[in-house]
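The transmembrane segment annotation in TrEMBL covers B:20-39, B:361-384, B:404-426, B:438-460, B:472-500, B:512-536, B:556-575.
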């Protein structure tokens, strides 16, 4: 896990785990077009002894007590909104380990001897966290909880003895809308509460206007090779801001058309005429911003509790671009990485950062990108529904390996019970253009499947997949849509039902996480409006009445003596009956005095 | 109950009862037609209203305008420069423009074969990802490169590009916006929508490289001319007469009329005076389009997949410009963006009389149902009658108690099975042979009944019971089919029912004058004659009609040919055979 934090450790080579410490850092990374990735990282350590003695200092008491009460060994909570555009933005921040699927995702290792005990503790945990984070985490019930087998591994250092007695549970709420009410408790858990340091930049208006944002909380025990074990609380906020959108002033956020003299036009076009025709080329213009513009606030010094060794702000940008910082800030450059600049800041001074416009290219020259080129991700993943109609559907995941190494990963789906998966239709098809002709069996190496139980638990599907270099794999399966009970539909039944994102954990060539987008599943929905109920009711009545009336009018009724002579079938049956009767009579006669009942029977006929 | 039973039984034996059904049938037809004519009256039609509260049409301020016009003109110049280029060059340029805004672009090749012709092209589309969205829902903005009238949709395409750039700046979108730029208004969207729902024939149509979530609505712009316009024509008919949710039309009418002051119109009824006559004309035009089931614009392909869609077409000379059009689209997209659920509140079955007046299915359905019922009543009547012993003679020749079902069923089955022949030939022949095939078919369709009647007369001595039974079965099938159809495509059921209504009253007769009269009436209402006279009246060449029908079948899955050739034509064939048959001497 620590290797995954290279992103951070690169900047903090000397960061060692000490018993009690706190540090925070903001990484800014301009992305293509007008996107800007801002990664906030806050990390607090507390010794296990202090934690168990309920001696909270940097670790928030509210969370600590919940963890103790619910017997939680390790906790991961994610709030995510929007989607990461891997095609233009490249690799995910923290290799995707600090983001969740759309909505809320929670997984934890709980101290439990049995599954039942784990469920009870899980219920306690979700309900308590629900209150703490103002999120509907209490809706993570049995139908939304799974127990992943291969996808998740503990990140902290657990002694083997405790790990044997823990259970991993994973729950996800894809429909949960993350908003400011979740940010407030998040900020409250920080030692400086968003009043000082980089947290003072976190403004709900900007955070939730971002194209992608993910808030993560990780609690894990860390045992360094020497020294005592500590419990680490790591809080992360990653957001991709749209610079143009963020730069709009707070009091005038409407993107009105700019005055025509502000348009950036391609003047080489023959038809170009100011105030009349303009071919816009503003996308070729590079980014320029100041810290206060894009976050809507200035940064208020540093948090006094933070480790002074760690520079609080870092920018990833080519060394050719000019950045100006506020007075008193001290810029650090790293010889081994010339596209990284970090800033030490004085504690009480406001800090700002100004990225100037890139130099305009000389005519005839291609404008330089002006940003650090995003790294190509190990794997692209996309998932969508196939088919139409209200009865059946299909799922298709398109997984592309753009690199030169074979990628091995675990593909995990947690599906709602009303989506009945036909596992026999699961197939993996490799793109026809690729030279390799692997069969389905070679692509999907292992399947772990736990079928759904109606109204009790959802489907859990984990696949170990490996994709050869430069190949695309189409993973498809079909499913059937269940019909819910009348009362099981939510008030917005026609919206559809959210299906949680698939989680992809790569194992080779490097460990990282990818989550697909969530999906909207339409189920057959009854028409809840009154006229249709009336129509159905009257139609039934008419059908019943018509049946009776039609019978009376059309059926031919005749007296028994007028009945037509019996058909052949009747004759044959009558003959058989006669034979039987004869036999019986013979038997009765043979038996002697018991002939009477037989005769009686005959008479009855 | 027993008393009721005995009354019913005695009533059933009353010979007068048997005289009633033909009159009931005629009455049904008359009522059905009158019912339809009453619909435009104020008492029977209703004013439209927006049923889905989330739409809030016209409640937002639209900002599209100002310097966006310069950009619009810039893009229009680009479109003009591409006018003479081929599909792929056009798409290369459109792709580069769209990618410039940060829109994800995909392309899709498709080929359709119909009537010996190849319809192929490449769709280009962009997905403007909702800034904070999660790719679960999407709305579509369509501008075909060629408008419905095969002109260069220069303002439409330029407007879509400008709007895409403008929409990109807003962060309020809750749904992805898909910008679809097919090469033509007919086949391109169909290929795209099919592939989006994975219902495409993968041999001829490529899958989509990029996808978004469930489609919630679509809006097409058909705006080929340059001059300022007076009103917006809303085209809403989908394939097979399916219609978009009425709320969508209401919202656009509301936004265009209430907010922008642009008049809206439906069914090409410019200058609608809201008189009875205009209303009736609008309704009949709507019924004609619905009955044909032929797609009327790029939006039509979306509707079978339950994606509500319309095409906006500016018409007339006036003072509104392309920016006003852009604001209408902006306002509509803002409304669609508000939707929390798929459009489901308002009506899917309606007839529009005016942009703001409609009748719903409950009100208009009885008229088609009555027409269908007339056939069923007659069928039941004939069945009962065929079971009655002959009134006049009753000796050796009289069929023994019961009905001889084999030969009538055989005739009906034969007629229905040979109906596969026209269905097959009209949908598989090439354009060059189609008019000839139609001519040959028309002739043979007229000759066939005579041949049948001759065959019947020579092979099998037909009794009147035979005719009663064939007619009964044939009308039963017709009645049941039309009653079912009327819930799916009311207009088609009504039109076929009306045109087939003479079939109820024909019967074999000895009187030569009556026979000739009936035969001529039937020939005049035969499917081939009706089709060719309709083509002649509307001034369209027969070959065009046949080509369009074939295209409809092969590309859009239009089922009108099935109704015409496999429901109406066999019924007519049996009716004509009955008329021409010499009545037996019994």
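Glycine residues also receive a Cβ, built from the backbone N, Cα and C atoms like all the rest.
TrEMBL annotations: computationally assigned, not manually curated.
A Cβ distance under 8 Å defines the sequence-distant neighbours of the transmembrane segment (B:20-39), meaning residues of its chain 6+ beyond its ends; these are 45, 280, 283, 351, 353, 359, 363-364, 366-371, 373-375, 377-378, 380-381, 494, 497-498, 501, 504-505. Only residues 6 or more beyond the boundaries of the transmembrane segment (B:438-460), in the same chain, are considered here, and those with a CB under 8 A from a CB of the stretch are 407, 411, 415, 422, 425-426, 466, 523, 526-529, 532, 542, 546, 569, 573, 576-582. Note on the transmembrane segment (B:512-536): residues 438, 441-442, 445-446, 499-500, 502-503, 506, 542, 544-545, 564-565, 568-569, 572, 575-576, 579-580 of its chain, located 6 or more positions outside it, place their CB under 8 angstroms from a CB of the stretch. For the transmembrane segment (B:404-426), the residues of the chain that approach it from at least six positions outside its boundaries are 434, 437-438, 441, 452, 456, 460, 462-463, 465-466, 469-470, 472-474, 477, 546, 549-550, 553, 561-562, 565-566, 569-570, 573-574, 577, judged by C-beta separation under 8 angstroms.
Sequence-distant contacts of the transmembrane segment (B:556-575) (same chain, at least 6 residues past either end, Cβ-Cβ under 8 Å): 190, 239-240, 291-295, 300-301, 304, 411-412, 415-416, 418-420, 422-423, 426-427, 445, 448-449, 452, 470-471, 474-475, 477-478, 481-482, 485, 492, 496, 499-500, 502-503, 506, 522, 525-527, 531, 549. Here the transmembrane segment (B:361-384) has Cβ contacts under 8 Å with residues 18, 21-22, 24-26, 28-29, 31-33, 35-36, 39, 44-45, 347, 349-351, 468-469, 471-473, 475-476, 478-480, 482-483, 486-487, 490, 493-494, 497-498, 500-501, 503-504 of the same chain, all six or more residues outside its ends.
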